[in-house]
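This report concerns only the one structure given below.
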Amino acid sequence: MVDRLANSEANSKRIAVVESCFGTAGQPLAIPGRVLIGEGVLTKLCRKKPKARQFFLFNDILVYGNIVIQKKKYNKQHIIPLESVTIDTVADEGDLRNGWLIKTPTKSFAVYAATATEKSEWMNHINKCVSDLLEKSGKSPTGEHAAVWVPDSEASVCMRCQKVKFTPVSRRHHCRKCGFVVCGPCSEKKFLLPSQSSKPVRVCEFCYEQLSSGSSLPPRSNSYSSTCSKYNSNLSDDDDDDDSSD
């Protein structure tokens, strides 16, 4: 079906509509062989609170953005190459249901669909697109991915020292290696993580020591059953967060 749609006029028109919705701030999306597979609104678990985002699945990329006017205008376009994507289901917990993780070397996050059927369709289509891309390129699945950030609301105290309480003065930060919410003194160090940035990024003291010594870090659980059980937002921010809205 994808091959049949690749050069069709209907597919070209659909992609042109998506481009127009992002306006001049978005990158061009029409290239030979690219097909728009599907689209929809998913709830993205951002660092402060869950937010609705418009997602577009193509046969080679996943695109999402902030909703300005539903089905008419979006901004803050993000483009994720599907070759680097792996996905894992997330167990239902409280109000957080029908979710899965989208993991890449540069950024990883959880999204939630409105229904179990919608979740299944999204995951099946993403997996099929990734599988087809890897088969055509002969590449292996990506082994490393960025940590999924623990939401601000899940940590009232530093997750490393367990002593510093977060306040408007003592602000929350995220370690780019483990995704934990940590205090300033526990995250004063920076380390170069080439898959995430060309410059050294904030890491916690524990991860810095592990990275500096060349030791392998134990993987953090992908389950959100214990860390994402509520939707509370707060007024903290992360000084070096390159996307403060997320």
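Cβ coordinates come from backbone N, Cα and C, glycine included.
Curation does not apply to TrEMBL; its annotations are automatic.
Over in TrEMBL, the protein carries these features:
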COMPBIAS  212-226  compositional bias 'Low complexity'
COMPBIAS  236-246  compositional bias 'Acidic residues'
DOMAIN    35-131  domain 'PH'
DOMAIN    152-212  domain 'FYVE-type'
REGION    211-246  region 'Disordered'
Its residues classified by DSSP, the domain 'PH' (35-131) shows 19 helix, 54 strand, 24 coil
Restricted to the domain 'FYVE-type' (152-212), the mean pLDDT of the model is 95
For the domain 'FYVE-type' (152-212), the DSSP residue counts stand at 14 helix, 10 strand, 37 coil
